[in-house]
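First comes the structure, then the notes that go with it.
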Ligand SMILES: [Zn+2]
Ligand SMILES: [Zn+2]
């Protein structure tokens, strides 16, 4: 069981909430120029503070040696959003401490010495913050973090100083995309110092209609304010999405049903599925589920979203696959899951 | 891809601008990006309302302001063209300020003291503030923590007085007094 295939609050639209806290040791150079020996010091300190001290959290945490993994395994962690592509590339000085349900991942020597990431299903950044805050306190019992009375927590890049906090909410917004209203949403929100971007795909062309909303400003506002701000905006977007869905159901029910059933038909019958096509079809099916047209648990769709990504697919098959082979395996997997775990049309 | 403005240098800065629902894209070299950035007069709001960084691939981790190209758009506003900057070096980690300008990364926590005068205006442009108001580490921020707590209690006190909860107000007043004593040491 993992946080990402759960259904959380407002889980029809909001897939997950993430908290990221950046922290640095005051006596070590930042990871960009850290030596191998110093990088080991940073890792050792994190392990001691979190794993060896016997807090109530310790038994659920484990250290993963990124060096001991192959590329596919590291990439699979990226697809699950547990490590960043940067850390997957520069793994030799890095470390990872992971909670057994994947809801906490602590990246060591990524851009900053420590990046605590906590995830919660659905719209629940508060729950993720409570855990991040606790882990920060645990680390701080042992270690002195770089901190400045004016600038707050010091980070490798000045864009993260202050709270070191990035709050992100991942949302599925098919109706806003299909009606073109997403551009207005993006425009309005960017005015507020909040970014909205597609998770998959290039540029603003978001594949799978999945967007991430996160704060830009980390200094001059309290953690609670930043979190409250993101929650408020997420609720506004969510309401816009839901009312657009209602409008679509009134104006074009038949067309939407046609689209949803076609997507479901393709996903449950196709023999070859590319990663892009899968994202697109999953989005349509998800929309159909939310409109009550089709009966597939949202948790199954969340799981498919991750497990059909290239590296996780290859891990599941236990070997490297050529792109075309991957598309065949993906179709097999999706078909099987939908047959066994959905109620169908 | 070459820069759309000068057509000479490779485009390293990519912007998407959405105005009244119409999307336009700009692909610029770092020099042109600086000049275009400067026409916004160094106004952060102006920058944020129009532009967002153009991002590629799996974007889950892409930072709203990644280091490097996007940050460099903020870097030199306010400096008149042609001014030669005196080179500064952090004595703890050896990083040159010019290196920071290239990568967007500082070398060590002490760089913030070394480069303070240059970093502060940049930080104010990015965040619209240069004063931390969030969590304070227990270990270091002894006095700062107490000051924050006093502020918090004062706000609660105002609230209590407004609601005519006099018992609670008296209690809060005592706690504030205790903390103030602690501050004076
Ligand atoms: Zn140019
Ligand atoms: Zn330094």
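Easy rule for this one: first residue shown is 1, then count along the chain.
Keep in mind that glycine also has a Cβ here, set from the backbone N, Cα and C atoms.
Pulled from TrEMBL, these are the features on record:
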type: DOMAIN; residues: A:13-244; note: domain 'Phosphagen kinase C-terminal'
type: BINDING; residues: A:16-20, A:81, A:115, A:166-170, A:197-202; note: ATP binding site
Quick one: of the binding-site residues A:16, A:19, A:115, which have a CB under 8 A from chain B's CB atoms? none
Mean per-residue pLDDT in the domain 'Phosphagen kinase C-terminal' (A:13-244) works out to 92
Show which residues of the chain containing residue A:168 (ATP binding site), separated from it by at least 6 in sequence, have their CB under 8 Å from its CB. A:17, A:18, A:20, A:212, A:213, A:214, A:230
Residue A:197 (ATP binding site) has how many other Cβ neighbours within 10 Å of its own Cβ? 24
Find, for the listed binding-site residues A:115, A:200, the residue with the lowest Cβ contact count at a 10 Å cut-off, counting only other Cβ atoms. A:200
Please list residues from the chain of residue A:19 (ATP binding site) whose Cβ is under 8 angstroms from its Cβ, counting only those at least six apart in sequence. A:116, A:117, A:118, A:119, A:125, A:128, A:129, A:131, A:132, A:165, A:166, A:167, A:227
